[in-house]
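Features of the protein shown, as given by TrEMBL:
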type: DOMAIN; residues: 1-357; note: domain 'Aminoacyl-transfer RNA synthetases class-II family profile'
type: BINDING; residues: ASP71, LEU72, THR73, ARG98, GLN114, ASP118, ARG267, TYR271, TYR272; note: L-histidine binding site
Amino acid sequence: QGTRDHAPAQAALRDRLLSAVVSCFKRHGAAAIDTPVLELREMLVGKYGEGSKLIYELQDQGGELLALRYDLTVPFARYLAMNKITNMKRYHVAKVYRRDKPATTRGRYREFYQCDFDIAGQFDPMIPDAECLKIVHEILSDLQLGDFVIKVNDRRILNGVFAVCGVPESKFIPACSTVDKMDKMPWEEVRSEMVGEKGLSPEAADRIGEYVQLHGGLDLIERLLQDPKLSQNKLAKEGLGDMKLLFEYLSLFGITGKISFDLSLARGLDYYTGVIFEAVLLQQDNEHVEEPVSVGSVAGGGRYDGLVGMFDPKGRKVPCVGVSIGIERIFSILEQRLEASGEKLRTTETQVLVATPQKHLLAARLKLISELWDAGIKAEMLYKKDPKLLKQLQYCEDTGIPLAAIVGEQELADGVVKLRDVATRQEVRM
């Protein structure tokens with residue numbers, strides 16, 4: 001089916017992960033918004049390139065054609081247009097749906113969470129784009145997932161490359177979706193798909209190959225700005241100028257060490273108009289290997305300046321840039337690590353278990369636990385009238401509850417509670 005249930009330990013891990021991501025989004029001043037799971041089919045179709053065939057389509061009883069949301073970006077653009085909003089910084093954490101072929105070992109599902117951060121509005125070039133990259137860097141560093149690289153490119157540079165290599169404009173998007181496969185396929189296979197399936201000439205494909213296999217930093221941007229063919233192309237020149245500016249801002253943020261300007265990055269979605277980026281985890285198999293092995297993309301995003309205008313009756317454009325954190329991939333990696341380490345994960349945040357050592361003390365437990373709840377303390381008790389004390393303490397150990405508040409006959413007579421540290425077995429009366 002490609003969907004999954006979560007055991008309590010998995011749910012706790014996911015919760016921890018999501019709260020780390022959300023706290024980063026909030027730190028950057030984003031407000032939370034929500035959009036419906038169901039959208040009109042026409043809102044989604046034609047926005048995702050080859051991904052459109054993976055949209056879950058539905059028909060309601062009234063004959064209206066609906067679809068489950070495929071991502072959180074297109075609904076956000078629709079939301080901005082409908083509400084005539086021209087300026088917003090938002091985050092959205094919710095489930096999306098794709099009629100995909102599941103690959104559960106790689107964290108690929110038909111129903112999964114996306115965590116999006118977007119900045120909408122007319123601002124000076126590359127400042128919001130740099131912040132999106134900074135957010136990716138912060139989250140991946142905070143989660144301590146190991147070494148990673150954030151690949152950056154620009155759709156305008158890619159389109160410029162296609163133009164100077166002799167690709168007709170009608171074939172830019174198909175060529176783009178093929179270049180996007182370069183992280184999964186060797187160049188020879190990508191080239192044969194371009195020629196065989198996408199109808200590009202072998203000469204054009206070879207010329208594209210000279211560009212899309214390049215990656216580097218500011219030095220590569222400078223080199224391409226001097227390239228006799230590319231520098232004559234208006235789109236590519238604009239894109240390279242902005243890329244240079246972006247790298248200046250990223251160096252002020254101190255993160256260029258993890259950024260790679262990579263001409264093979266294309267991102268298959270149709271709606272990107274400018275900067276695009278993707279974060280990839282690197283796996284060092286052993287210290288003798290010079291090039292680390294890629295584990296796959298864990299975040300991606302880019303600039304989509306034309307999307308809101310598609311939903312606005314008057315075609316008013318709202319420039320936007322955003323990033324999506326691939327929480328399922330990250331979750332799969334952390335889950336495997338947790339299993340390998342044998343570490344037990346707390347499935348509850350309970351701080352204290354209210355316990356009684358003798359019979360007929362249920363009333364005392366209920367009164368005390370009510371006081372704790374009212375004071376905002378996370379507390380539990382066993383749902384038995386007269387549980388054995390050993391069983392209550394064993395429950396604390398099994399679930400990782402650190403404290404037990406014990407009220408026996410003596411404690412009631414003295415007007416105290418015995419507080420026991422479950423791990424050290426130390427007790428204090430208070």
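Including glycine, each Cβ sits where the backbone N, Cα and C put it.
TYR272 (L-histidine binding site): 26 other CB atoms within 10 A of its CB, across all protein chains.
Of all Cβ atoms in the protein chains displayed, 26 besides its own lie within 10 Å of the Cβ of THR73 (L-histidine binding site). Counting only same-chain residues at least 6 apart in sequence, those with a Cβ under 8 Å from the Cβ of ARG267 (L-histidine binding site) are ASP180, ILE276, GLU278, GLY300, GLY302. Residues ASP71, LEU72, THR73, ARG98, GLN114, ASP118, ARG267, TYR271, TYR272 are recorded as binding L-histidine; their most distant pair of Cα atoms lies 21 Å apart. For ASP71 (L-histidine binding site), the count of additional Cβ atoms within 10 Å of its Cβ stands at 19 [all protein chains shown].
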